[in-house]
């Protein structure tokens, strides 16, 4: 089992590094400046994290936070920013790219036949790799950028699945987290591709930066595991305040609501509203997803109201029973204490019978 943990930890981080290097390669090819290869140095942070995790955690994850996912974001997001801002990604027709790929395929077949008939296997592999790289280089830059976006989000989900989990999170919680990440990744990809593909947006440099900033902000939810883990608390003096008790009992639900309102659907709704209200940009998909964001935000606020009312009813019920000092962190904690108190009272009754009954024999004597 330890060997599998070590293998999963190393393979997942290797995939992160390879994908990050592909993004740096595309930035260097688009900018045509070798200095952008310096972005590859960011992967040293991921290598350092790998060594520390293997030494101190035996390859397993941490509680509530994944440093590997966070560092993967740091290594990859700058490359995607530069590719989106680069003017070469603004105007690119897919038809010339398709013609170039067909020509490269023909060259690939010719190179394979010539190397097979005259030279050895090593030369054949080298020629095949060169032709394959040249073929990839002829693909339109917008296709490359979209492919990097898609693989980036997919690798975040798959990587979180492959990374060894810590002792604080269970397999059931991990499965819930992965299902949430799949839906989140789809919404984020749709937001970035749908808004940045608008021609009027591409003409506004400040608007591109604002959209990318919101996109980056939404990506910060992936390293966190708070959506499926409850914050444990004990009935101490600091946890007897109403906000602390509410956070103690509904930590996972409140985190989901906060992510939707302040990290994902809320900012997405603000950006789309600005596009339609201020810049007068309208299309069918933009209107539909704006309505979808409004609906999600409304439902999250409704869910918050339901949680607050349920918590208030629980507090009132406990106050009537004289259990105000008890921390309602678990729904059945109070009932458990009540049963324990009843058992204690029964034991005391059996051990110490009433005084009247004990004195009765002495009077007859």
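Backbone N, Cα and C atoms are what each Cβ position is placed from, and that goes for glycine too.
All annotation found in TrEMBL is predicted automatically rather than curated by experts.
When TrEMBL is compared with the stretches 170-186, 187-203, 204-220, the one noted as transmembrane segment is 204-220. When the ranges 36-52, 87-103 are checked against TrEMBL, the one recorded as transmembrane segment is 36-52. Given the ranges 6-24, 120-138, the record in TrEMBL names 6-24 as transmembrane segment.
Per TrEMBL, the listed range annotated as transmembrane segment is 64-83 (candidates: 64-83, 144-163).
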